[in-house]
Amino acid sequence: MPDYIRLGFPLERDLAAFSEFLWRQRIPHRIAEEEGRQVLWIGSEAHAEQVKHWLQEMERGELVLDKRDGAPQGISLLGRLFSSPAVAVLLLLSVVGAALPFLDTRGQLLPSLTFYPFSPYTGEVQAVWPLAEPWRILSPIFLHFGLLHIAFNGLWLWLLGGMIEQRQGVVRLLGVVLLVGATSNIAQAMMSLVIFGGMSGVIYGLLGYMLAWNRLRPQQQFPLQPALAWFMIGWLLLCMVGLASALGLGDIANTAHASGLLMGLLLGFVAALLDQQPDR
């Protein structure tokens, strides 16, 4: 990317919080080590003066950042929701989907949102592909069965989805969610005639997207901790060999998880190759 401003800092100064703050403001930048100093490069002339102003505010103590995520200290939960509106909407729809089995006492709405229709009285699943009801291809990602299911998926969605939305925008995040969600649901439906639901396939897609992007764009990478990525991949492998079922966690939609991860990797590679802001 073209560089319009170059600022130097001592190596011992931690710029992680300020870097995250800049990404939250959607300001492209990179940090490199040159001649024994950290160098901050800003890729837009229009942002140069604003970045200098923020640095001056930090020096005066007027801008205090949270070291954990680069957000100004004291920011409210509501403020975080407003900063990631797409993630907030996805979370809300997931919560509604988790509450639906309790709210839909007559069992009339839930069967219309699963990939395959089923009888609320006998539980019989009908092998009917949703060609005439295309919303069924995506709607299962919002259905959750149990408190732990929605809690863990909501946490991962907030963490991973928030990174993508903050850095690359609402359209990019929703595009990944829609494509991964549809792909993982179709793949799972092809493997078994059962009722399934959850955001897990999408979450693994978000992980795959970030892994691929970070591989091709190391100077614009997401702050994804390697330990977190390895944990998620390890858990996927353990579920595929039956550990989750052995622990009494129920049946796991392994096909949705694996296909979501692969689709996310593909989308991440394509996005990194087509993006119009090349690394310096």
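One is the number of the first residue shown, and numbering goes on along the chain from there.
Cβ coordinates are placed from backbone N, Cα and C, and glycine is handled just like the others.
Automated prediction, rather than curation, is the source of TrEMBL annotations.
Since we're looking at a predicted model, the values are computed, not measured.
What TrEMBL lists as domain 'Rhomboid protease N-terminal' is 8-63. According to TrEMBL, the feature domain 'Peptidase S54 rhomboid' maps to 133-271. According to TrEMBL, the transmembrane segment annotation covers 77-103, 137-158, 170-187, 193-216, 228-249, 255-274.
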Most CB pairs under 8 Å with the transmembrane segment (193-216): which of 137-158, 170-187, 255-274?
255-274
For the domain 'Peptidase S54 rhomboid' (133-271), give the DSSP counts of helix residues, strand residues and coil residues.
109 helix, 0 strand, 30 coil
